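S.K.: Structure below; questions to follow.
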Amino acid sequence: MDSRTCFSVSMIIFLAAIVVAHFHSSEAAVSKGSFEDNFSIMWSEDHFTTSKDGQIWYLSLDKDTGCGFQTKQRYRFGWFSMKLKLVAGDSAGVVTAYYMCSENGAGPERDELDFEFLGNRTGEPYLIQTNVYKNGTGGREMRHMLWFDPTEDYHTYSVLWNNHQIVFFVDRVPVRVFKNNGEANNFFPNEKPMYLFSSIWNADEWATRGGLEKTNWKLAPFVSSYKDFSVDGCQWEDPYPACVSTTTKNWWDQYDAWHLSGDQKMDYAWVQRNLVIYDYCNDSQRYPTAPEECSLSPWD
C-alpha cells in the first residue's frame, strides 16, 4: 500500500465518523417480523440457522453448497431494507448477495437490482458491487469501497425504487442513483414486480481480483448474518394490486422521493469523490458509446 492509498484510507475512516454521527439519529423504524413471516429458504435448508429468538438469521457456505432465501411476496416500488453482517477474516472468493429479482431463477427476461458484497483476503477492504437488469440485460455494474468494516457489526443496506429513480443506500447514505427518463426504454426496470433475495455462494472464478484469489476452503464454513428486514412497498397481487395506481399516496413515491434531498446530495457527492472504484458509464473500452442512461443526471 503506497502513501497515497494510506492517506485515502485514513481520510475515509475520518469522514466515516462524521457520516455515522450524522445518520445515527435518523435510523428508520424497523419492522420485527419473524423469518417465517416474510421468507422461504431457496436451497440448502441445513445451511440456514437462526438466533434463539428467531430475529437473527445465518447463511453458511462450505465446499458443498451455499444457501439462500427469498420473500414470500413480490413488490413493485417501495422501500426495502435489511441489516447485514458479512463474513469476517479471509473471505476471498465468497459473495454475499442481497438483491431484488422478478424471477426465482436467473431467467433470460428478468429484471433485477443487485447488492453484491465481494469478499477479500484478510486486511483488504470489502468491495460492494451494484447492478441493474432490465429484461435480462445487465452490464451496469458499479463498485464502491465502504467507509467501515462490514464484518464487525450490522449495517443497513436499502433500496428505494419508484418510477423516477432507484437509489442504493448504505446506512442511509445514497451510494448509487439510477434515473429513469420518463419514456419507454430498455434500461429502467419499472414494470415487473420483484421478490427480495439474499444468498451466500462461491464465486472465486471472478469475485476477488478478477478470479486470481481463490476461496480457502480450510476456513469454511463462511457465515453471513441478517436481521431487521423492513419493507414499505406495493405488494403484488395478480393480475394487478390496487396500489399500482395509487403509489403516489406513499412517501416512497411522492415528489420528495423522486430526487435526492439537499443533504443526500452532499453525501452522494462525498461517496462519488472518495469511494467509487468502477463505473460502467466511464468504461469507454467496454462501451465505446456510453449507454443511454449514462446521460441522465443523478442530481435532477
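Cβ coordinates are placed from backbone N, Cα and C, and glycine is handled just like the others.
Note: TrEMBL annotation is automatic and uncurated.
TrEMBL lists Glu112 with the feature active site, nucleophile. Annotation source TrEMBL lists active site, proton donor at Glu116. The feature domain 'GH16' is assigned by TrEMBL to 23-226. What TrEMBL lists as N-linked glycosylation site is Asn120. TrEMBL lists 1-28 with the feature signal peptide.
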S.K.: Could you tell me the C-alpha distance between Asn120 (N-linked glycosylation site) and the residue listed as 'active site, nucleophile' in angstrom, no decimals?
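M.R.: That separation, Cα to Cα, works out to 25 Å.
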S.K.: Return the residues near the residue listed as 'active site, nucleophile', defined as same-chain residues 6+ apart in sequence whose C-beta is under 8 angstroms from its C-beta, sorted by sequence, else 'none'.
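M.R.: Correct list: Tyr99, Met100, Cys101, Ser102, Asn131, Val132, Tyr133, Gly138, Pro189, Met194.
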S.K.: Might you list, by sequence position, any residue in that chain lying six or more from Glu116 (active site, proton donor) with a Cβ less than 8 Å away from its Cβ?
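M.R.: Long-range Cβ contacts: Val95, Thr96, Ala97, Tyr98, Tyr99, Ile128, Gln129, Thr130, Asn131.
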S.K.: Report the mean pLDDT of the predicted model across the domain 'GH16' (23-226), rounded to a whole number.
M.R.: 91
